[in-house]
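Asks: Feature annotation from Swiss-Prot assigns active site, proton donor to Cys125. Taken from Swiss-Prot, the feature phosphoenolpyruvate binding site applies to Lys22, Asn23, supported by sequence analysis. The UDP-N-acetyl-alpha-D-glucosamine binding site annotation in Swiss-Prot covers Arg101, Arg130, Pro131, Val132, Asp133, Leu134, Asp315, Ile337 and rests on sequence analysis. Summarising the annotation, Swiss-Prot assigns 2-(S-cysteinyl)pyruvic acid O-phosphothioketal to Cys125 and lists sequence analysis as the type of evidence.
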Amino acid sequence: MDRIRIVGGTPLKGTITIGGAKNAALALMPACLLTEETLALSNLPHLVDITTMANLLAQHGVTMALNGDAANGGHTGRVLELTAAHIGNTTAPYDLVRKMRASVLVLGPLLARFGEARVSLPGGCAIGTRPVDLHLKALEQMGAKIELDGGYIIASVQGRLKGAHVIFPQITVGGTENILMAATLAEGETVIANAAREPEITDLAECLVAMGAKIEGIGTGTLKVQGVERLHGAEYSVVPDRIETGTYAVAAAITRGDIELVGARFDLMESVNKVLTECGVHVEETPRGMRVRADQGEITGVDIMTEPYPGFPTDMQAQLMALMSTAKGASMITETIFENRFMHVPEMTRMGARINVHGSSAIVRGAPKLSGAQVMATDLRASVSLVLAALAAEGETIVNRVYHLDRGYERVEEKLAACGAKIERLKDGVAE
């Protein structure tokens, strides 16, 4: 099992290229099921979760072709063509779905186009309870018959789904994506109230419009979808990853470095940039993306509360906790989105971080210096927060179970090493 070795204490300086957003790509890929024509996606990140989704779609009968030349050593220049002309299987099996919760996003498209779907209940990072009940209740409102049997969601509908007024009792990103896709082929108008407003949902909606969907209110909390009889193919480029952007912004800050993030969308970074600015980091837009500098002055603790977009993202909480562990003074970090999302805390305390958890809040008191240690990744964002802490720590840190990291970050050690980080991947105890 791979591990990562880091010797901390070097300020990072240079440029890092930001890839396409994992969470956008994982919703865009199943959208291919809504048409028999080809959906061509560019700027796809090369990640384990993307491969898992590709394997799931292939199991349904989607044919795929990867064209174009790779740019920047990654898959930035590649175009993935997905064609769902001959779908022979509407079952999403447990062995694939258990690896990643986003697999449930095939449910809406399969049901809308084929009138049936059998999808295993989802897996992914073990962070609290992520109920798919909200997806299922909304599909029932649209006329679907839903049963749970042997760990599978069995959904069917006579004829087409019917437009409905769906009001989500709480904001759900996956639920909004599933119902948005299903509604494009439903009969009549669907209104999705209390819809999630994440940029990845805007990206999905704009791709669906490019495929012939009729959607109003994109980017707002109320989406109106006028169903059409069929969608067609399209070419679409995945939005840059705001979480990857934020993570490398914190890498610059925590090492007191200076990094330009090429390809970053500055307009999607408002909540993260506000927090970074408040704690003393200099953030500015550049013609190529954004620049983050923390090589002058000190970092001070600030309070953070995670919220649905446009609030501070839950997927940046662990990274900011690492930064606050090195800041002057105290900060309070409150997690309102997911339960059980402080699994990185015991590992950070092994490195000398001073963190006390009280329910859904963590009090972080900045430590004079973190020190290297053997630590273990428990989930995707926790794993990268340990890498960030290690970059700032004195001495050597070994991060174990980095397969979590590969689910969400493309070539992380390569990108950091290019900015001066002393970092290497170890395979079975030896350097690659």
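Keep in mind that glycine also has a Cβ here, set from the backbone N, Cα and C atoms.
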Asks: Cα-Cα separation of Pro131 (UDP-N-acetyl-alpha-D-glucosamine binding site) and Lys22 (phosphoenolpyruvate binding site), in Å?
Replies: 21
Asks: Enumerate same-chain residues with a sequence separation of six or more from Asp315 (UDP-N-acetyl-alpha-D-glucosamine binding site) and a Cβ-Cβ distance below 8 A; give 'none' if the list is empty.
Replies: Ile243, Arg381
Asks: Could you state the whole-number distance in Å separating the C-alpha atoms of Leu134 (UDP-N-acetyl-alpha-D-glucosamine binding site) and Lys22 (phosphoenolpyruvate binding site)?
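Replies: Checking the Cα atoms of Leu134 (UDP-N-acetyl-alpha-D-glucosamine binding site) and Lys22 (phosphoenolpyruvate binding site) gives a distance of 22 Å.
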Asks: Measure from the CA atom of Arg101 (UDP-N-acetyl-alpha-D-glucosamine binding site) to the CA atom of Lys22 (phosphoenolpyruvate binding site) and give the result in Å, rounded to a whole number.
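Replies: Each residue's Cα considered, Lys22 (phosphoenolpyruvate binding site) and Arg101 (UDP-N-acetyl-alpha-D-glucosamine binding site) end up 13 Å apart.
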Asks: If you run the three-state DSSP split on Val132 (UDP-N-acetyl-alpha-D-glucosamine binding site), which class comes out?
Replies: coil
